[in-house]
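K.L.:
As annotated by TrEMBL, transmembrane segment applies to 49-71, 146-167, 179-202, 214-243, 249-269, 316-336, 342-361, 416-436.
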Amino acid sequence: MRESKQPQSTRGPLRITVPSRADGFLRQFTAVIGGPLGRHSDPGRVNPGFFTVERVLILMTIAASLLMLLAKNPCRVNGWGGSNPYLYACYSDWVPLFGARGFAENPWVPFSAQAQFEYPVLMSAVASAVAWLVPEGAANRSLIYFDMNLVLVAVLWIVTVVCTLRMGGRRPWDAAMVAIAPGIILAGSINWDMWAVALLALGMLSFARRHTVLAGILIGLGAAMKIYPFFVLGAVLVIAVRTGKLKPFWVTGGTAALTWILVNLPYALAYPDSFKHFFAFSSERGAGFSSFWHVWNLLAEKSEALQPFNAQQMSFWGLVLFFLCCTGIAVLGLVAKRTPRLGSLTFLIVASFVMVNKVYSPQFIVWLIPLFALALPRWREFVVWMLVEVAHFYGLWFYLDSLDAEDIHKVFPENGYIFLVLAHMLMLAYLMYLVARSVLDPRRDPIRAVGQEDPLAGPFAGAPDAFTLRGLKPSAPQHAEHAANAPAPEAKA
């Protein structure tokens with residue numbers, strides 16, 4: 001008897017969760033499309049054809065990038081002069097910097113002895129490289145400069161989404177938070193922060209895959225764009241101390257520091273005054289409009305009971321508060337019942353920096369969104385957070401527009417602005433509380449609720465505790481890989 005040929009299996013190795021079934025908040029919105037995914041489906045193991053999760057999220061990010069362009073279009077059409085950037089909330093640093101800092105005449109102006117460019121070295125290099133690509137004889141070169149930077153941001157956004165997806169383990173759809181985030185749509189094209197965001201995402205993905213040297217290089221490059229990628233090393237250190245495996249920290253941290261030095265040292269030696277300008281500017285600048293410090297000083301102007309802070313005082317107390325926050329996060333990581341996840345600790349550290357630092361720019365939200373997707377991917381909290389941030393975003397620009405408004409009826413109330421700043425600070429503090437609670441009680445952790453440990457653990461995966469502050473004996477190994485491949489229970493969001 002001829003044996004019939006069996007069809008080739010199209011089943012994958014790992015079952016994944018889907019938001020319509022795993023997230024209680026999203027589940028209630030699925031009625032219009034027939035309800036949540038059925039229980040007899042097998043996502044992650046059945047071949048989806050062309051529309052894989054990764055491709056769908058890339059398409060979503062491209063659509064969101066078009067919305068980003070649309071949000072800036074009033075300024076692209078009407079210009080960035082006058083009150084347009086504030087009235088239409090379409091402000092971007094790229095256009096004024098292109099003209100005011102001399103990029104139009106000399107694309108490599110930051111790399112000169114008399115340069116006064118208030119950005120880190122690698123960010124200066126990106127700004128110069130894009131300016132160099134702008135055709136010299138073209139009309140409206142500043143608009144071309146903006147558009148080229150925006151296209152690059154869209155590419156970096158896609159990179160960040162793909163990295164977040166691949167760091168999600170059995171929860172790849174959590175990266176949709178990054179793909180469609182209103183915070184990135186509105187603020188991602190204000191400055192070059194998305195370069196640091198993408199480099200950190202690549203570095204964390206490399207660490208998750210145990211490529212510690214590559215991770216250090218990428219983190220160091222990210223820190224040469226913005227300092228905050230260095231903060232992931234604090235999370236690595238806490239886990240290294242807890243597991244007694246210090247080598248991953250030394251390799252990753254040492255490589256990151258060496259990379260940062262190699263990027264900055266040539267510039268510092270060639271143009272020492274220009275190199276010092278960034279640090280002097282950071283020390284002397286006042287409070288950012290989205291910061292608690294700025295609100296405090298506004299209130300101090302109205303009350304004799306409050307004393308305003310100058311730039312040096314804000315810098316000092318900001319560092320003190322950040323050190324105290326980091327100490328608290330380290331203690332949290334060492335008293336938790338189970339080894340904290342890298343994403344949770346990193347979010348807490350970066351969020352602490354944003355909370356207490358004197359500079360809180362609107363674009364800092366793009367730092368936090370990918371880390372939130374790794375730390376506490378719950379859609380209810382994410383949607384509320386984004387609503388608060390959108391209100392704060394528009395309130396900030398309307399407030400800045402009202403500072404020069406001649407018509408009193410067009411003035412945005414200062415009390416309304418203060419309320420929105422405090423609201424977005426309190427919302428971030430609440431998210432930090434939820435993440436800290438999930439560290440102390442792993443049952444509240446949506447990542448662990450689907451039967452996996454830490455997809456970002458990398459060289460720490462499965463390592464037992466060697467040191468904790470709980471006064472307990474070292475625990476048995478946490479078999480992360482075995483847990484990740486166990487049948488997935490339904491995750492309650």
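The backbone N, Cα and C atoms fix where each Cβ goes, and this holds for glycine too.
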K.L.:
Where else in the chain does the transmembrane segment (316-336) make close Cβ contacts, counting only residues six or more beyond its ends and a cut-off under 8 Å?
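P.N.:
Distant Cβ neighbours of the transmembrane segment (316-336) are 234-235, 237-239, 241-242, 293, 309, 345, 348-349, 352-353, 355-358, 436, 439-440, 467-470.
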K.L.:
What stretch of 49-71, 179-202, 214-243 shows the most Cβ pairs under 8 Å to the transmembrane segment (249-269)?
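P.N.:
Most Cβ pairs under 8 Å with the transmembrane segment (249-269) come from 214-243.
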K.L.:
Under an 8 Å Cβ to Cβ limit, what residues of the same chain, 6 or more beyond the ends of the transmembrane segment (146-167), are close to it?
P.N.:
53-54, 57-58, 61-62, 64-65, 68-69, 72, 76, 92, 94-95, 98, 130, 133-134, 174-175, 178-179, 184, 188-189, 192, 194-195, 197-198, 201-202, 204-205, 208, 343, 370, 373-374, 455-456
K.L.:
Under 8 Å between C-beta atoms and at least six residues away from its ends: which parts of the chain pack against the transmembrane segment (416-436)?
P.N.:
289-292, 294-295, 298-299, 332, 344, 347-348, 351-352, 354-355, 368, 372, 375-376, 378, 381, 384-385, 388-389, 391-392, 395-396, 398-399, 444
